[in-house]
Amino acid sequence: MSPGHYLALSAVLFTIGAFGVLVRRNAIVVFMCVELMLNATNLAFVSFSRMHGNLDGQIIAFFVMVVAAAEVVVGLAIIMTVFRTRRSSSVDDVNLLKY
Amino acid sequence: MNTGTQVSAVLAQGGDIPAPHIEYGQLAPMLLVFGAAILGVLVEAFVGRTARYWAQVPIAFLALAGAFAWTIVLAWRDNPHEVAAEGALGVDGPTLFLQGTILVLALVSLLLIAERGGRAGGHFAAQASALPGSEAEQRTAQAGITQTEVFPLMMFAVGGMLMFPAANDLLTMFVALEVLSLPLYLLCGLARRRRLLSQEAAVKYFLLGAFSSAFFLYGTALLYGYAGSVRLSDISAQISKDAGSETLLLAGAALLSVGLLFKLGGVPFHMWKPDVYQGAPTPITALMASCTVVSAFGAILRVYYVVFETLEWDWRPFMWGVAILTMAIGSIIAITQTDIKRMLAYSSIAHAGFLLMGVIAASPHGLSSTLFYLLAYGFTSVGAFAVVTMVRDAGGEAGHLSRWAGLGKRSPVVAGVFAFFLLAFAGIPLTSGFTGKFAVFKAAVEAGATPLVIVAVVSSAVAAFFYVRVIVVMFFSEPDADGPVVVAGPATAVAVAVGVTATVVLGVLPQPVLDLAGQATTHMFVR
């Protein structure tokens, strides 16, 4: 298979992730969609790395994984605090700040 | 199997992989700040609860002051213009100017964050994990416990902010973006009062911030696909050669810009800013409104001046649109605001629009005037938010504009200082706001962006309306019987004094600092 197919898959995954962030209500699911976008990016990096024949893209993918793990820690801490306060993890319920 | 042969070539060398060369002297300011952050974490782990505050504040203060002094010496003595750490970071005039600005503004913000006088406990929740309104929260409040995790978190954020404008490749820039953002997400949720609003600000900032950084990263991936490297100079060279897929280049540039514009609050990526500025603890809002804005503009300036310089005709219409929308929407929506922090947030959006004109100018003069504007605006912002922390009633800070009625009769000095900051935001002559705006507008006209300047002047006039409205409320209406009182702790008073001094000096005698910004930008960014 040519790397082009992987790039197409990566674009599809990124789009699904972005769409999910916009339409889903549960903060955890929204966050999972962001993770899907990051993983789609990893796939793109690795495919481009193969196409260009250098290792930069593969190394970058490791960095992205580490950053995504750090983001999970911070994100789940924030979402859990809000859940404990409001007994809800729906992003529609955090609506005190507006206009 | 191109990749495969490369891997085996590396493996064949065995232990001969050369160690990277790190210029410790030139990177010392960043290393000092990160070192202090790690030391702060150790203090949290090993020092007793009562002693922590007295350990954390000096560590943070000394690290920021030391890093600032080192930056000055570095700029003064060596005036470096080169890449460091194997090309990952650029050390040049504009970067050092931005880093110095960030460090000095972080020092002033630290005064606000460390403030514990006036009322017990300061600005931060005694224990972030205790539920709002629960017994546990009351117990910790009665025990007089204070949060000290804010100091290492703040130092990590400041370290990321120093790295963001210095990053010479897109991977370093992404890591710096996350290092500065992740602590800020947490800091936003730590307010002592109105904790529901604070937690809401944190969750909104986090979800939108993570969303935008995914766009930034996909943009990086596409540019890597275009150029085969994430080094800014390599991408720029590839664009000059006019080789490779233009689709990848333009899509990558657009997605990258989304991530950068989000961080500085350009319309239509500004939606987080009012909510987060209002909900976050005010000292953290001060930090975000000054240091984060400086850092984000540093990064966007580097990307647009180094990488997309030859692509100017492609991005210009897009950036024009963003700048016009940012100025207009920031100024117009601010008129309807009734919360003082929210109004300042929209004012910050409008200022981001003015600053974007310096990016669009794409000239040495545009760069130096943007640097000056960032310094001037940062000081005024920190000062204004410092005043907001001082005006308090029973429920904490008096956020609603109507509560500020008649403040000029109760506390003429504080109201006068706040009025002065508002006039500086509006850009009245003899304040730093006027000099900064004048410099940026002039650079934009020279670069042929006269229509933008006309929009900017009209938005400034609209913005002046709501600044003056606050002044009228403060000075020309009768105070409520149970109105807010001014509680000025010593550290906050110092922060306000620094803000006022800088705003006056940069307004009356701007030439030395303008010259400094001009000198810093003579060689532009290193490639």
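Note: Cβ is positioned from N, Cα and C throughout, glycine not excepted.
The transmembrane segment annotation in TrEMBL covers B:27-47 (among others).
The transmembrane segment feature in TrEMBL is assigned to B:59-76 (among others).
Residues or ranges marked as transmembrane segment in TrEMBL: B:96-114 (among others). If you look at the transmembrane segment (B:96-114), the same-chain residues 6 or more away from its ends with a CB under 8 A from one of its CBs are 29-30, 33, 57, 60-61, 64-65, 67-68, 71-72, 74-75, 80, 122-124, 150-151, 154, 158, 161-162, 165-166, 282-284, 286-287, 290-291, 294-295, 297-298, 371, 374-375, 378-379, 382, 385-386, 389, 491-492, 494-495, 498-499, 516-517, 520-521.
Feature annotation from TrEMBL assigns transmembrane segment to B:150-167 (among others).
Taken from TrEMBL, the feature domain 'NADH:quinone oxidoreductase/Mrp antiporter transmembrane' covers B:167-461.
Among the features that TrEMBL reports, transmembrane segment is placed at B:203-227 (among others).
Beyond the transmembrane segment (B:247-272), the same-chain residues lying 6 or more positions past its ends with a Cβ under 8 Å from any Cβ of the stretch are 170, 177, 181, 204-205, 208-209, 212-213, 215-223, 225-226, 239, 292-293, 295-297, 299-300, 303, 308, 311, 314-315, 318, 322-323, 325-326, 329-330, 348-349, 352-353, 355-356. Feature annotation from TrEMBL assigns transmembrane segment to B:247-272 (among others).
Look at TrEMBL and you will find B:284-305 (among others) tagged as transmembrane segment. Beyond the transmembrane segment (B:284-305), the same-chain residues lying 6 or more positions past its ends with a Cβ under 8 Å from any Cβ of the stretch are 90, 94-95, 98, 101-102, 105-106, 108-109, 112-113, 154, 157-158, 160-162, 164-167, 173, 176-177, 180, 184, 187-188, 190, 232, 256-257, 260-261, 263-265, 276-277, 315, 319, 341, 344-345, 348, 351-352, 355, 358-359, 362, 367, 370, 374-375, 377-379, 381-382, 385-386, 524-525.
The annotation transmembrane segment is assigned in TrEMBL to B:317-336 (among others). Same-chain residues lying 6 or more positions outside the transmembrane segment (B:317-336) and placing a CB less than 8 Å from one of its CB atoms are 254, 257, 261, 265-268, 270, 304, 343, 346-354, 356-357, 359-360, 449, 452, 455-456, 459-460, 462-463, 465-466.
Residues or ranges marked as transmembrane segment by TrEMBL: B:370-391 (among others).
Residues annotated as transmembrane segment in TrEMBL: B:412-432 (among others). A Cβ distance under 8 Å defines the sequence-distant neighbours of the transmembrane segment (B:412-432), meaning residues of its chain 6+ beyond its ends; these are 347, 351, 376-377, 379-380, 383-384, 387, 390-391, 460, 463-464, 467-468, 470-471, 474-475, 486, 488, 496, 499-500, 502-508, 510.
Per TrEMBL, transmembrane segment is recorded for B:452-476 (among others). Taking Cβ pairs closer than 8 Å, the transmembrane segment (B:452-476) reaches residues 320, 323-324, 327-328, 330-332, 334-335, 337, 340, 343, 347, 350, 353-354, 357, 360, 401-402, 404-409, 415, 418-419, 422-423, 425-427, 437, 441, 444-445 in its own chain, all 6 or more past its ends.
Annotation comment: TrEMBL describes B:485-509 (among others) as transmembrane segment. Remote same-chain partners of the transmembrane segment (B:485-509), defined as residues 6 or more beyond its termini with a Cβ less than 8 Å from a stretch Cβ, comprise 108-109, 111-112, 114-119, 372, 375-376, 379-380, 382-384, 386-387, 389-393, 407, 410-411, 414, 417, 420-421, 424, 429-436.
Remote same-chain partners of the transmembrane segment (B:203-227), defined as residues 6 or more beyond its termini with a Cβ less than 8 Å from a stretch Cβ, comprise 170-171, 174, 177-178, 181, 184-185, 188-189, 234-235, 237-239, 244-245, 248-249, 251-260, 262-263, 269, 271-272, 275-276, 279-280.
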